[in-house]
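A short worksheet on the structure shown next.
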Amino acid sequence: MNNWQHFFNNPVDLSEHLKKPYFRFDNRDKEITAISFDEKANLIWSGDSYGCISSYDPTFQLYTRYRGHIGGNSVKDILSHRDGILSISEDSLHFANRRGVTKLNLTSIDIAAFSELNTMCYSPHSLKNNIYCGGDNTNWGIASIDLNRGCLDSLLNYSSKVKLMCSNNKVLSIGRQTGTVDLLDPTSNRTIKSFNAHSASISAMDLRDNTLVTVGKSKRFYNLYADPFVNVYDLRTMRQLPPVSFSKGTTMGSGGADFVQLHPLLPTVMIVASSSGSFDFIDLSNPTLRTQYVHPCQSIKKLCLSPNGDVLGILEADNHLDTWRRSSNNMGMFTNTPEMLAYPDYFNDITSDGPISVDDETYPLSSVGMPYYLDKLLSAWPPVVFKSEGTIPQLTGKSPLPSSGKLKSNLAVISSQNEKLSTQEFPLLRYDRTKYGMRNAIPDYVCLRDIRKQITSGLETSDIQTYTSINKYEVPPAYSRLPLTSGRFGTDNFDFTPFNNTEYSGLDPDVDNHYTNAIIQLYRFIPEMFNFVVGCLKDENFETTLLTDLGYLFDMMERSHGKICSSSNFQASLKSLTDKRQLENGEPQEHLEEYLESLCIRESIEDFNSSESIKRNMPQKFNRFLLSQLIKEEAQTVNHNITLNQCFGLETEIRTECSCDHYDTTVKLLPSLSISGINKTVIKQLNKKSNGQNILPYIEYAMKNVTQKNSICPTCGKTETITQECTVKNLPSVLSLELSLLDTEFSNIRSSKNWLTSEFYGSIIKNKAVLRSTASELKGTSHIFKYELNGYVAKITDNNNETRLVTYVKKYNPKENCFKWLMFNDYLVVEITEEEALKMTYPWKTPEIIIYCDAEELRKPFFSVDTYSINYDILFRDYFANGIRDTARREYKLLTHDEAPKSGTLVAIDAEFVSLQSELCEIDHQGIRSIIRPKRTALARISIIRGEEGELYGVPFVDDYVVNTNHIEDYLTRYSGILPGDLDPEKSTKRLVRRNVVYRKVWLLMQLGCVFVGHGLNNDFKHININVPRNQIRDTAIYFLQGKRYLSLRYLAYVLLGMNIQEGNHDSIEDAHTALILYKKYLHLKEKAIFEKVLNSVYEEGRAHNFKVPETSKG
């Protein structure tokens, strides 16, 4: 840090606006009280004693100024936020965007705890959605403010005066007026550690990661003097480290430290300054290594460091702002990734030499001035005509088009007639206005100045996570169709972070049959289901593909802690399973929906022949199919479990009687309960018994119902009236309910506020299930079961008649002994209130699948796979899909138990893929090309080699080719080395394994804590469909990255290692071994401290040769 220069020789007066003539009779102090750099824009902010907040660009030109606090209260503290700027005064909190427009303003009238405030900081774990405010008022403690809701979230009991506050991702550090520092855990509202930092008071404090630094004052001879040292604390061990001396108090005379701040990018570097002008940059790892500077001024009032660590702002006692800058930062940038600033539109007077034609589209009509007028214009319509300006009539219900399928409007008839004209050779494609715009429409006028100032920041996080709306007919943003931009490799370039502020992972919709994501999320939060499915991973269940892949998916979602996951492997198993059953039945279908229709209709009593009914009931059919298949595969596991059978199984007795006195009784074990329409007379009687309209009568009726239909009697062979009575004989711990009601029935449901009850009680009385809202109504029965709502899947229908599925789940928090509700809309996850979750009055919301769990089962903990004894045998043996072929050449050596991997073991990996389907693009009416369906790939080969030093260093222990019976569009032989027929079990001479076998090997290595070395591992792991923790990845593509240009493995091997690889087709063993050597080279360059120099030369040479390896002359 020895290249700092006093860059700005003419300091700017930040209090110039306080020297206006109208302030001359005001005797209050006219000072700047706070300064702070913006983390998202090249701005520095200041607050004054009159409550005004001002911002300046790097040239110190005024950008914006606004009054944030009324009443003449001074600005106490300023915080930078991703959406704007936060500031506090003694009794108010103000939140505005960078243009000065108020987003939130809270005063002591709104929150009584706002009194004598001094400081604020962000709350741990909140991702800057909550802040803590504290001050001298000890009656209220510390107030937690929710910025999303704009209200008081909670109050922390704290009985001391607060002067300073800062936080990391775990604790809240509080500096008292007396000089003591307290570490507070916001979760438990408990002080976990206190440090007696300074004897009199604390002056400055900063916290970053696990390092806390403080400076303060001590009392000597009835006066306060700054301490000539900096206190340093390690929050991992909760101990104080040796204090670091300040040069002002040692080598440069008497004095002490008044300011301290940790470097934002270098975690071990801090800046320490004195109010007299001297300041040091000190390395905590080596305190003797420091650089000393002196700022020429009378005294320093405030000091702050820019987010990129290149600019030091100093506020002098006369309210002038001066800066020091590093010599490398001549542009004066405050942040490395600044957002574009918005500027006002300026009116340009357009002069014309002659008259302008009315048809001239290049001339804006808004530039024609309006004459002054005294009379009322004809265009000013009276308020009698329109109730409000610029509004459209509100919707009074759902789409007017009938959805029952029985009545067709004229539009539907015309549409069906047009569809008959469509052929396979000449398909009929409807014109889509949303994609191609209005027909024969003149393009809108676009000003070039607006294009220059346009900000492509996308959706606001606070907007997209809003799950309520004032108008109940309007679909809130959280339920809307989410934006998704696909690139060449799917959704790699899409930023999912603004859509999830929780620790629970969403699912990527970029998969086939993505509507199944909602049902997967529903069952992931059932404790008994999760524990069993994940527990099956401890054994090698290679024959139960769907159960195993669901277990891997649940485990990945649990480990990812909010990172988005993909269900691509689960979808592949689902497709292979349906293909297998279709071949067995001799009825091939093209899509999963068609297969579910053919599978589920046979077991259903009702007739779902209309195409609309198939669409309406597809989630219910998939739910029934999923549970049935999981229960079937459960019996095929190593331990032959019956957990799911006991958990979901409904013992149903079906009695069939014919008018010819013939009857038959069968007993079936059904995994789910279908709830269909109920007779109005029956529902009224059941509602009277349950004391109100709710879901209980529907469940009761579904557990014991009678249906009649005319059919041929199997005994007499005549057409008779057959009566079928279905009775449920037990109450399992989990009730999976499938709702198949008509729109008219849902309309009646929406009129009831508490239709979806949160809990109920049930018992079996006289071989019949009886359900009541309270336990007192079931007195006299021996066994009473309490059920609570675990979650449900709802269908959202927007104004465009587009539908999507969302999931509501209830998660138990054992630490706080309470539940919280979450809503999943693919990759959007938001925590909601219970009232909102149970609300069924919205016309756009329709429940599809509902889960009720036993109250005790719902409170069981979720066990990860780490709690089980895992079988690792597959790492030490082969498991081929097509048997061992003598002609196959073995290029690897299996691991032995003596070299069993452990945590930190280095392995190098490379994967190859084939293309199943090419990408699909479209060009809209503006000529913009976008990828609407990325290419589909499949894993073809994985090679893993040893990375630890020893005799077998660099020798592969896994080299598996993956079976693929699907249609392969492109083998990508040039890049993958896979030839046609290599993956076909009937033709291949390779050692083929199934996908779940090779996946288990990679999963076990991750489970053991192995460190993976490779080139472009993010892309490999995405296609393998596994989320590996960052601390277990050593990606050479990122290590040798400068800017945004990724270097190929072949080029890096040629430049750094002198190796010429990939001369023919790619070989995964060669690529993995090269990446391992390249990683060793990286460590060597880092150890010699010449890595940056070598990397610069690599890029300089690469630009000269276009980053390509020179072709070797042959012959």
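Each position is counted from 1, following the chain as shown.
Placed from the backbone N, Cα and C atoms, the Cβ positions cover glycine too.
Keep in mind the model is a prediction, meaning the values are calculated, not measured.
Some features that Swiss-Prot has for this protein:
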type	residues	note
BINDING	Asp910, Glu912, Asp1020, Asp1071	divalent metal cation binding site
REGION	337-473	region 'Linker'
REPEAT	27-66	repeat 'WD 1'
REPEAT	155-194	repeat 'WD 3'
REPEAT	197-236	repeat 'WD 4'
Can you name the residues of this chain that are 6 or more positions from Asp910 (divalent metal cation binding site) yet have a C-beta less than 8 Å from its C-beta? Ile942, Ser943, Gly1014, His1015, Asp1020, Ser1068, Ile1069, Asp1071, Ala1072, Ala1075
Return the count of C-beta atoms lying within 10 angstroms of the C-beta of Glu912 (divalent metal cation binding site), excluding that atom itself. 26
Inside 8 A of the center formed by the CB atoms of Asp910, Glu912, Asp1020, Asp1071, which other residues of the chain have their CB, for the recorded divalent metal cation site? Ile909, Ala911, Arg941, Ile942, Ser943, Gly1014, His1015, His1066, Ser1068, Ala1072
Glu912 (divalent metal cation binding site): secondary structure state under DSSP, collapsed to three categories: strand
Per DSSP, what is the helix/strand/coil residue tally across the repeat 'WD 1' (27-66)? 0 helix, 21 strand, 19 coil
Per DSSP, the repeat 'WD 3' (155-194) contains 0 helix, 24 strand, 16 coil
According to DSSP, collapsed to three classes, what secondary structure does Asp1071 (divalent metal cation binding site) have? helix
